[in-house]
Every structure is written in structure tokens, then in C-alpha cells.
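Feature annotation from TrEMBL assigns transmembrane segment to 12-32, 38-61. Feature annotation from TrEMBL assigns domain 'Fatty acid desaturase' to 39-260. Summarising the annotation, TrEMBL assigns coiled coil to 345-372.
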Amino acid sequence: MQQSLSFRWEVAVVLIGPIIVSLTVIPLYILISGISPWVWLMFFVFMMWNGLSITAGYHCLWSHKSYQVHPIIRSIFALGGALAIQNSILQWCSNHRQHHRDTDDIDADPYSIRGGFFYAHVGWMLRDYPSSRTDYANVRDLREDPIAAWQHRWYWPLVLTMNLGLIAALGWLAGDILGALLIAGVLRLALCHHCTFFINSLAHYWGQQPYSDANSSRDNPIIALLTYGEGYHNFHHTFQWDYRNGHCWYHFDPTKWLIRGLSVIGLAGSLKQVSPVQVESATAAMQLKRATDRIRHGQLMNTAERINLLKAENDSLMTTLDEWSAIRSEWLSARADNLHQRWERTQFRNQLREIENQLREQRRQWRILTAQFA
């Protein structure tokens, strides 16, 4: 990684300034003047607007095109992105697409974890590294988006309007302009910056890799609490087109809930979602890989036989999964054609039940087999 001597002071002010003020000025202000409930409400609303505009807007909508949404919501996300001060849609998405294309490549990934935790978190922005220079060639599609193009053109006026003008105006209505600027402005900015930056650093450093070890991305439910659901980062890197990060219903993922909620009321559509079979196939493939590695390095007897047994069981599980998926697809098609009653009268339903029972038993056997080499 080449390192330029050019230090980006303007970036340092935006990143470090809010932290210093949050640790020094704000505690004194709270101690001396107190903060009204209205200002704390502003803080919470702006935190959510700021954070979800990055995750649901910059990330899922514009970077990965995981869904479509009404222009009004797109505009709200664009303004929330200016509130976040994390660069324009075009610049943020360009860096992010490059990150996915060259994950962990220290010379190409803008915020590669191989540069170290600090580098991936904020260091990559503090110097003019070649890998962090924006190449807008990979966001030509977004230049055709009128809202993204408008936000890019007027980015800094929008930043000032959102972070000073709007917050000061609402603070005036709440009777505490300075308190609003400090709490809903500076403190909110410091927290939201690092909530996003944790995705680049901590989510590539701490956690599990249940779906793929092709890169450093990790799944960690604790990080999900800090990043609006984006802590399930191994899933995201494996299935980056999926609008969800936490694919299970119990995964904490406010971004997923927002997008799904918008779709329910008709403001979002075309939600991209990986199939359960693809998720289970990726999980089983990783379990097979890890179990095989443990057998090879465990100096066990009959190594080849054990590995062949694992592979045979995995192949059988994948075959049954494919059969289940095909039968289920036919059932869904029949139901969509109002043939549900006819479906129930055929042997087809019994076949589905039979293969589901078989799949349940094979999953149990697979868990037992892989657990032997844990």
C-alpha cells in the first residue's frame, strides 16, 4: 500500500472535531444548562434518519440496488445522507462498490482491514491513499438518477442546511438552539459516524463466518445492534444483492424492517432476496470445508474415508434440498393460479411432506456428523 504524505485536514476536522466536543463541551453544557426532552427527541429522530439513510439508502438502494422505492423516500434518504456527512451518494457508492469488488486487497479496497483496524475504521480517509481515490466510472448508472445527481451537485450546501440550518431552526422551536446543535448535531454526528465505520472495521474483524471465508467479513449480532442491523456482514458479502443483512426473522435488522415496511404500504418494491436453499447450501459448504480441514489436520486414522463420508452426506443433503425447492416452487405456482384445492387432492402434497421429512432427518444427520469434527 502506497502512502501519500498528504494529510487531509478537512476530513480530520469533520471526524475528530465532533468527538472532542462530545467528550468536553457537551458534558459541561448538560451539567450547566440541562437538555430538554424535545432536544433528546430530535437527537433520536436525527440518529435514525442519519443512520437509515446510509444503510437503507446509500447502501441497499444505491450501492446494491437491492430494491426500488418511491422518489419521495429517495429524496428523504438523499437529505439524510447529507445530514450524515459521509460524502455524496455517488462518492460513497463508488467506494463501496470498489470495496466489494476488491475486498481485502490492500492496494484496491478503499478500507481494507489488512491495513489494520484503525486504517479500516477511519485511517483510510485521513490520507490521500491511491485506493481511496474515487473512480466514478463504476457509478455511471447513478449519474442517471436525478436525485443522486442533484445531491452530488449540491452536496456541501445541503450538508450545511441539514446540519446547521435545520437543526438550529428546530432548536429555536424547542427553545434551545445551542443544545440542539450540540446534541442533535455534534453528538449525533460523532455516534453515527462510528456506527457506520464499525461496518468497515469491526465487521471485518470480530465474529463468525457461517457462509463464506473468501474474505474477512464477519457475522456478529452485537455489531448489528450498533450498525442498524448491518452486523451480519458475512451474509451481506456472500449475498450482497439481498436487501437484508439479518435473514432470519429474529435477527436485529432495522434496515430490513424499514424496507419491508415501505413495501407493505406500497412505497417500495422489487425487493431482492436470496432463496433459503442458497443460504443453506452456503452454510453446509462452509461446514463441510471446516470439518474436512479438521480431519486433515487432526492426524486421524482413515482420513480419506471420513472425508468421503462427509462429502457423500453433503451431496445427499444438497440433492434433497434441490428436490424440495423444485416441488415447493411448483406448489407456489399452483397456489398462485388458484389451484390450491386441486393441489391438496393430489399426491403432489404427500410428496412434499415426504421430502420435508427426509430433509429434516438429513439435516439432523448432517449436524451430528459435522459435530464429530468440531
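Cβ atoms here come from the backbone N, Cα and C positions, even for glycine.
On a predicted model such as this, the values are computed, not experimentally measured, just so you know.
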Check your understanding: Against which stretches of its own chain does the transmembrane segment (38-61) lie, if we need a Cβ under 8 Å and a gap of at least six residues from its ends?
Key -> 67, 69, 74, 76-81, 83-84, 86, 89, 92-93, 96, 167, 170-171, 174-176, 179-180, 183-184, 187-189, 191-192, 195-196, 227-230, 243, 254-255, 258-259
Practice item. Go through the chain and flag residues at least 6 beyond the ends of the coiled coil (345-372) whose CB is under 8 A from any CB in it; none is fine as an answer. Key: 284, 287-288, 290-291, 309-310, 313-314, 316-317, 320-321, 323-324, 327-328, 330-331, 334
